[in-house]
Structures are given as C-alpha cells and as structure tokens.
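Residues annotated as active site, S-methylcysteine intermediate in Swiss-Prot, with sequence analysis given as evidence: Cys330. According to Swiss-Prot, the feature [4Fe-4S] cluster binding site maps to Cys112, Cys116, Cys119, an assignment based on sequence analysis. If you look up Swiss-Prot, you'll see Gly157, Glu158, Ser189, Ser211, Leu212, Asn213, Asn287 marked as S-adenosyl-L-methionine binding site, on the strength of sequence analysis. The annotation disulfide bond is assigned in Swiss-Prot to Cys105-Cys330. The annotation domain 'Radical SAM core' is assigned in Swiss-Prot to 98-325.
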Amino acid sequence: MEKVDIKNFTLQELEAYIAGQGKERFRAKQIFKWLYQQDAREFADMTNLSKDFRQELEKTAWISNLDAEAVEASADGTKKYLFRLADGNAVESVLIPDEDRTTLCISSQVGCAMGCEFCLTGTFKLTRNLTTAEIVNQVCAVKRQEPVRNIVFMGMGEPLANLKNVVGALKILTDPDGFQFSTRKVTVSTSGLVPEMAELGASVTVNLAVSLNATTDEVRDRIMPINRRYPLKELLAACKAFPLPSRRWITIEYVMIRGVNDSLDDAKRLVRLISNIPSKVNLIPFNEHDGCTFQAPTQDSIDKFHKFLLDKHVTVITRSSRGSDISAACGQLKGRLDKAVKD
C-alpha cells in the first residue's frame, strides 16, 4: 500500500484518517501542531505520541518537506526561493520585507495556463497543479529561515484553477492548530475564474484580490484571454457577490501598461466599474521583461491615474516594484533561477 503524505490533509481530514487507524481524534491536533507549529519533519520528533503510535504512522504515512535549492537576494531585501519538487519540476516563492511585516508570495501551480500577455509566468505554460503539501511546504521552508506575517497566493499559477488543493492549504494556513495565520493576513489572487470565486468564498474566509488590468472587454480580451470566458460584467458581479467579513475589501489589481490601459479615460471607467464593490485598488506599473513588447507607464501617467482615483475617494496605492533585479517582481516568475541552477 502506498503511503499517504500527511501534509496533504486538512485537520478534519487528518482526524478522519486517525480515527480510521483506531486512534482518538484529538491525536490529529497534536500531529497538526507538531507539523506546523514545531516544524516536525519526522514522526519520531512527536514526543507526546506513544512510540508504538509513531511506528504505526510510519507504516502508512510520511511527512514531505521542501528545502530551498537556491536563494537569490535582491538589493531591496526581497528574496526568491527555488524549490525542486520530487518529480524534478521547480517552483519559486518570493519573500518581500516591508518595515514591520514580511509577505511571502507562494506558487500554486508549475507554470500557468491563463496566458496573460503581460505576465512572464504565462509563457511557461502549465505543467501541473501543486499538491496541498507542496503549497504549505513552501511556507514551512521559508519560516525556518525568516518570520512570515502575510501570505499571498500570487506566485506561479492561477490559484483558483487548483481550487481543491489551494483550499486545503488555506485551511491549514489559517487553522488555530496549524500555522495560525489570521484570515486577514492571507490573500488569494485570481485572474477571474468566476465560478471558482464563488466556491472559494463558500469554502474559506480569506482576502480576495482580482487581477482586473483593463476597463473594457476589448482590451481585457486582448491582454487576458480568460476575459473571453468570463467578461467584465460577470467578473464584477462575482466580486460584488463575494462574501466579505466586516471591514474587508476586495483588492483590485491593475497592472498599468503604457498606451494600453493607463489613460485618464481608463481611470474614469475604473471608478465607475468598481463603484458598488467594497474595494481598494493596487496600481502596479508594468515590469518590462524580455519577450514582451509592452512598456512600463511613465511616472506622469501613474501619478495622474493615482490622483484621479484619490480625488474620486477610491482607496488606492501604487505598488513599488520589488525584486525586479532578480526577476522576482510582479509578473516576472518564470524559473530564471531554476535555469541558472541547472546551468
């Protein structure tokens, strides 16, 4: 019988597994705390479980782990981690320091199938989904080295295209017996998979970020093929329907591209589009990269766009580019570090 990777289980699933072994369900909480609060890497580390029970677990289950194969540091303090998976594929995570908090950007897929024109990861194509264990092990590995305050699913892949495993990881991240992250500290970003947005909202409580990036279907169809399946009207309706706890907002991510979506007319349309959605806007100046003809917006167009939103009482920040010198900035993850390691 093939052993199960115990890190693929949520607490509820682990309780069922332990009960199936003829043991008390509360043992699952003990194991969970060892895995995610004590970073136990072997059952032998779990000293409040009997030796016999630990030996029984080893017969049917195992504990997966990831260690960074390479770490690249940016001049601004950002760090990019390369993780080699058991099948030889690789994913990247990015740790972004910011005064009193650090944010870890994690991957949910090897590659991505969304094909967004401005995103380097999209040229990598989709190889496969990550398992729940492979997602949470990115967090385990980085937390061994650095404190992590916030988690964002904004690395490689479309999280909602791997909904089951992402939801499993979210439950582990926010479980009081797991990583203990506040749901306010965990954000899932999507390019706009409308049915899965509803499923996510019904499954877990987390922050939602929506990669909007255009104010007309014509432009969004061109730069984000997913819009042909779920156009703006459907996407914005899904945003409005997404269940939010009090005093929470959906983050509208808007990658500004010169001559494509950075005009004042775009700013005016954006205000109208999100007027009835509890939201805040993140303006993200496009990060130029090889193989893409798009250009970064001018500072003048960024400033005017930002000011227009502020004047219309929209909560807005312009995100500074972090880690661009190590290809760790928004839209730049594509395994450059993996290639460097192999070479």
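Yeah, the Cβs are placed from backbone N, Cα and C, and that goes for glycine too.
Binding residues for S-adenosyl-L-methionine (Gly157, Glu158, Ser189, Ser211, Leu212, Asn213, Asn287) extend across at most 19 Å, taking the greatest CA-CA distance. Here the binding-site residues are Gly157, Ser189; the one with the fewest Cβ atoms within 10 Å of its Cβ is Ser189. DSSP classifies Cys105 (disulfide bond) as strand under the three-state reduction.
For Ser211 (S-adenosyl-L-methionine binding site) paired with Cys119 ([4Fe-4S] cluster binding site), the C-alpha to C-alpha distance reads 12 Å. In the predicted model, residues of the domain 'Radical SAM core' (98-325) average a pLDDT of 95. When the recorded positions Cys105, Cys112, Cys116, Leu212 are compared by the number of other C-beta atoms lying within 10 angstroms of their own C-beta, Cys116 comes out lowest.
The Cβ neighbour count for Ser211 (S-adenosyl-L-methionine binding site), using a 10 Å radius over every protein chain in view, is 26. Its Cβ taken as reference, Asn287 (S-adenosyl-L-methionine binding site) is surrounded by 22 other Cβ atoms within 10 Å in the chains shown.
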